[in-house]
């Protein structure tokens, strides 16, 4: 199927392809979705190319029931539907409730969603910087030559104009107009503002309020915070403006509110945060020595996550120009090795081939000097590699401080910049010390990441109880072929003889269909469980279902979740078979059913 593509489709691309293969938006009369499927009614069924849709990456399968075209997407169905809605001009309201819960998982999801699209540019710039460092280190090209200047310019572009890249990806992730997002970045990079920074001019004032002057090129937080504010302001204003005036009023007022507040409050938060961080680092090394090296190394992954690592650059440059060397760049070098090793260690125990390939690729990228791909797409997401990277880099930071490792030029900290760690006086002692530090850090991170990952995988198997009393049957006995063929994952079905649905395990309600016919539970360990009540019961539009929980609620095994009038559902000629499915079955060694004990065992 299309899932073997080497290039992964975005949700927007998938949405466009689906609409196209269904005969275009003019051929679609209704569009909605449940917890796992897109559901369409068409004017002319013959225009739909279901075989082409099945071959799309991200599509698990298709089926036609009651003249309705169903496209099985899985847990990402809501994200795909969000991209389909604008293409159809809002035929239907989204059928899935989205409560405004905000937790660490959502924060990480936002961070990942913002950085993932711009990683190709960062990787390209980072790798090129590493190559340039090697060219400079070996003296292959004169630094004042046009060739070197152009190469350096190309490598700088993704970082200098990082606010613009982040503005686009932030706007897309936060669902606000991308061009307005770019305007926020443009405000931070406006020539008048940049010139004022370069000239050391006094702060501007706006309506009597002082606007601090900072350099926001290659910054991270200011533009993300600014676009976040833009999204909130835009949605708020949009509620009160008549449709006929929205195009003119909403964008204008949004920028008038967002940009001054970004200048006055949000952007300086990131800038001042960087200044205080830099001052704190100097104080730490002056006061605590080796312990400071450990602490900076340990927290470096989190500092990079916040985009505040650039704030140490002035200290590094000052050290090199005044002392002839710097003691912070070696810790940054170790950090890249820690992220590389942690990703490699994670790859060694991953079962999913795509995840393993991503981990190996990002490990190599970090090895060359750009750690963000490994940090954001592998280590943070899988958690244990992040812990391994933090511990390993803490040890690496302590080692560089203890051994007195130094860097003699301001370069991108990666393996290609290793030559600049040789002392300009011709001795290689410092270079050898640095090799000891980076090799130790890499090995510790890789081994620790592997051990933690394997330990996590070997934790106690999860036992899933029946969510409703009744007769347990296997999935192949279910009338719906999507579930019967295990396209959604492994599990089992129950023919209910009771009216209550109970929590089959401890977890969080992460999905609740507005029609209440299905809900999703995620455990602390990451198992994703779908309870699907009846077949095609989405068509009942919530009738006969009473929910006791809402999305975001924490539940304990045995908690009562719903009350369902199965008798009335059956009288309405709907199949009442209830299913419980592990939708991320591919992440586990095995999933078995114990019919005697009426449980499902997920073996990690």
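Using N, Cα and C of the backbone, Cβ positions are placed for all residues, glycine too.
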(request) Could you tell me which of the ranges 65-88, 281-304, 305-328, 329-352 is annotated in TrEMBL as transmembrane segment? (result) 281-304
(message) Checking feature assignment: transmembrane segment per TrEMBL, candidates 19-40, 41-62, 107-128. Which range matches?
(response) 107-128
(request) From the ranges 386-411, 464-489, pick the one that TrEMBL records as transmembrane segment. (result) 386-411
(message) I'm validating the feature mapping. Which of 148-167, 508-527 is tagged transmembrane segment in TrEMBL?
(response) 148-167
(request) For the domain 'PTS EIIA type-1' (480-584), provide the mean pLDDT of the predicted model. (result) 89
